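Working notes for the structure below.
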Amino acid sequence: MKINFNHPYHMVSVSPWPLLGSLNIFMFLMSMINFLINLKYDLLLINFILMLMLFYQWWRDVIRESSYQGEHTSYIINMLKLGMILFIMSELFFFISFFWSYFHFYLAPSMDIGLIWPPKGIKIFNPMNIPLLNTVILVSSGVTLTYSHYNILKMNYFLSLLWLFLTILLGIYFSILQWYEYNESFFSIWDSVYGSNFYLMTGFHGIHVIIGSIFLVICLIRLFKMEFSSFHHFGFEAASWYWHFVDVVWLFLYLFVYWLPFN
């Protein structure tokens with residue numbers, strides 16, 4: 001049998017991760033519904049741990065193809081960049097749908113909620129407290145991540161490690177403050193359409209911050225193992241794009257979900 005290799009792509013080996021990843025996402029959504037209805041988070045926690053394990057295995061294979069087998073040529077890198085751009089665009093449309101729902105009630109509140117926004121009886125957060133601190137944290141993390149990228153380009157890997165580690169700490173700090181804010185909230189996801197929109201939008205963004213932090217931890221490990229160079233570090237660039245996207249989404253959340261309703 002003659003095999004034609006006249007193409008710029010590399011033929012990946014048979015991998016179970018796409019199928020297992022799809023099943024895991026489905027089970028994660030089912031466990032999320034179970035959590036919202038029955039307030040039981042055991043299945044949700046199990047599926048989240050399984051998702052982390054699957055991420056690790058899939059990342060391991062991709063890193064082997066790139067760093068140790070040399071399969072990621074410049075053409076493959078360009079295709080990976082296109083794939084990451086399309087992925088971020090798909091995430092953007094997720095948030096557009098959430099903002100669409102939010103503005104539907106914000107701009108024309110119905111009689112059922114008293115013709116006002118936020119609805120009567122809902123005590124919202126002061127945007128000058130934890131939300132403002134979280135905004136400063138995320139914007140600062142974008143700056144530190146940019147410095148880390150700059151030092152990779154300058155081949156100063158120690159400073160790059162330092163700035164990247166600081167970025168991860170800021171991301172973890174943001175998640176802790178978000179959790180604290182939820183615990184101190186005077187309303188829940190069941191309290192009117194404002195509560196549903198608030199927790200859906202901020203919670204979905206919080207999940208993205210956690211995923212972005214995991215991305216950056218993987219980059220930190222790879223940077224420590226000297227797997228990035230000044231001209232070949234797309235894994236770091238992809239994580240940076242994702243993190244900056246999360247930063248921008250939070251600015252819109254702060255403006256429209258926290259600040260404008262309070263004023």
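The backbone N, Cα and C atoms fix where each Cβ goes, glycine too.
All annotation found in TrEMBL is predicted automatically rather than curated by experts.
Because the structure is a prediction, the values reported are computed rather than measured.
Here TrEMBL flags 5-262 as domain 'Heme-copper oxidase subunit III family profile'.
The transmembrane segment feature in TrEMBL is assigned to 12-37 (among others).
Counting same-chain residues at least six beyond the ends of the transmembrane segment (43-59), those with a Cβ under 8 angstroms from any Cβ of the stretch are 15, 17, 20-21, 24-25, 27-28, 30-32, 34-35, 214, 218. Feature annotation from TrEMBL assigns transmembrane segment to 43-59 (among others).
Beyond its flanks by at least six residues, the transmembrane segment (80-104) meets 72, 197, 200-201, 204-205, 208, 234, 237-238, 241-242, 245, 249, 252, 256-257 of its own chain at Cβ-Cβ distances under 8 Å. The transmembrane segment feature in TrEMBL is assigned to 80-104 (among others).
Only residues 6 or more beyond the boundaries of the transmembrane segment (157-180), in the same chain, are considered here, and those with a CB under 8 A from a CB of the stretch are 130, 133-134, 137-138, 140-141, 144-145, 147-149, 151, 202, 206, 209-210, 212-213, 216-217, 219-220, 223-224, 226, 228, 243. Per TrEMBL, transmembrane segment is recorded for 157-180 (among others).
According to TrEMBL, the transmembrane segment annotation covers 200-221 (among others).
Away from its own ends, the transmembrane segment (241-260) comes close to residues 84-85, 88, 91-92, 95, 99, 102-103, 106, 124-125, 127, 131-132, 134-135, 138-139, 141-142, 145, 167, 171, 197-198, 201-202, 205, 208-209, 211-212, 215-216 of its chain (Cβ-Cβ under 8 Å, at least six residues beyond either end). The transmembrane segment annotation in TrEMBL covers 241-260 (among others).
Mean pLDDT across the domain 'Heme-copper oxidase subunit III family profile' (5-262) comes to 89 in this model.
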